[in-house]
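Report on one structure; see the data block that follows.
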Ligand code: SAM
């Protein structure tokens, strides 16, 4: 396990993932019934943008670093408010901290992080947060062990793997089947890199062949995906997105495209409701 998210926190891919994550979470807040979130690949939760790791790559400069001046009317404003609440612009919140900040007392968050050192950082971050639990365990094993949730009938499963090992798209497709069997009404959000189109197309086709309804895909491309050795773009595939998600996501990605000088953005309904 060589991947450390501290080198990449706040980059363009984080910006799109986290802005859309806030939109998904807002949909749960419309009703008082409790919801749970399972963040399967959680990272350390809060990133110092002046750490040696962040200084080394400076990736955040081409991501959140270009967005501090968005105003309150921006479609990115709600997410940027969460970033500020977590200590931005010095610090950048990862997915578990954004989620934790948006929970109400009746809601809960379960985080899984396999890297022992990163798990310790995350555990410290949430030591005094009663409705957040942190596990040092494998994401895919956790889906079988922790679902269905005991605390809520509504939920979001966020799967954000590092794509370090070959076969990640296959494991994701298998994970969707595991979730379907255990928590069939959950919203599932899966982040993936776009280096080259072919593996992404095969992943989409695999999910389309499952018979699962209502699958939406949001993608942001920094440049055309011609060089498979670099991260050209990123996508978030959402199964059972809430009402209005595609429209809001589309506006958010258009704003990111404009502000970051990206090549293209699109939101596509892969499978109808
Ligand atoms: N979701 C985080 C966020 O948005 O702030 C970033 C997650 S980062 C892309 C992926 C994380 O998954 C890394 O911290 C890595 O250590 C962890 N990881 C890698 N393989 C894992 C596995 N099989 N199970 C759980 N965590 C894993």
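Including glycine, each Cβ sits where the backbone N, Cα and C put it.
Among 48, 78, 160, the residue that TrEMBL places alongside 18, 41, 95, 113, 138, 139 at the S-adenosyl-L-methionine binding site is 160. Here the candidates are the binding-site residues 41, 95, 138, and by Cα distance the one nearest residue 3 (site 'Interaction with substrate rRNA') turns out to be 41.
Once Cβ contacts within 10 Å are tallied over all protein chains shown, the binding-site residues 113, 138, 160 are led by 113.
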